[in-house]
Ligand code: PMT
């Protein structure tokens, strides 16, 4: 038995030369005993015929929003409710743009707007069209709204161009659909708060002290928790990142603001993760006016910021399970374990940030410590590291109960 057995799948086909590959994809679905309904856009019907798709899928093919016969058999809202998942094979640039702005000007776009089922998109288009900033913006917007993607791949295109835009192979799309159903939503009911990014400490109205944190690690952790069904609050310093789907984001600037928001959220959540690179010090007296370049030297007096995570971990009531990070350039393990004890944490993720590693980069490796154990997570994309971090936090959290 496969995970797709008896699953109700709408295969949406939009206009593009890759439409012919949808036939093989439908064949794979039928082989695994999924129920398949095919919906064509008018442009797709120029590339593949409804008759072929009817024979392969075993069901009548729908292609018009205004077809009384088809509406009588299964109306578009009924179809949208019937589906366990919708897969768009191929998803053209035009269709992605229409989906982004929420248009309902053909049957397939209407079903996508009317469904609560997850939607998997297999984009296919000319490499230049794919590279256009407007297409990339559409992809980001859809991804932020929870749409899933498979591909596109890089390679030779029907037009003779080389590059990204070639649709994934039917087997890859099939594997992504399996993943979509396999993905565990085992954290429903769990509430998590994560701090991410840097803080900025004002010197005067135009200058500040900060650090190189991009927020990537913290945002990836927020996304990984959210994908498993947790309720996620993300307290973020100033970063240039899109908010992951279904995550509640609170923007702050300074350590004091982050401290205030973190303590408020900590007592309302079960898990607190401090991934932010919080400035340890702020300027004692922020100048009201821009400091003029009048002398060769100036002295700034700094005062210690509150230690956010230590304050959370020392809460007397409603203390959440508390996880810190330790960014170190030497004696990594020793300093991290010292912070685990001193700040009263349940777990700490030790980060070797020497030689320009980690800050702002797409990859990371971590050494996780808790009171009676530890594990090394080898170098990988931050998104993959985040999935592992989330798994270990969840395991320890459950053990602590
Ligand atoms: O954002 P990226 O570019 O993806 O980079 C990721 C990262 C390097 C920022 C991240 O992986 C990381 O290591 N974050 C912690 C950075 C840090 O400030 O480490 P620290 O060793 O100085 O602080 C230890 C812990 O105390 C951290 O959990 C920190 O959030 C917390 N802290 C520190 C100071 C302070 N005033 N309040 C705090 O809560």
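Cβ coordinates come from backbone N, Cα and C, glycine included.
325 is the residue from 325, 359 that TrEMBL records in the CTP site together with 274, 275, 276, 280, 290, 306, 307, 308, 309, 339, 343. Checking the recorded positions 159, 274, 276, 290, 307 against ligand 1, the ones whose Cβ sits under 6 Å from it are 274, 276, 307. Across the residues annotated as binding CTP (274, 275, 276, 280, 290, 306, 307, 308, 309, 325, 339, 343), the two Cα atoms farthest apart lie 37 Å from each other. The two recorded residues, residue 309 (CTP binding site) and residue 159 (active site, proton donor), have Cα atoms 56 Å apart. Among the recorded positions 159, 276, 309, the residue whose Cβ has the fewest other Cβ atoms within 10 Å is 159. According to its DSSP assignment, residue 274 (CTP binding site) is in a strand.
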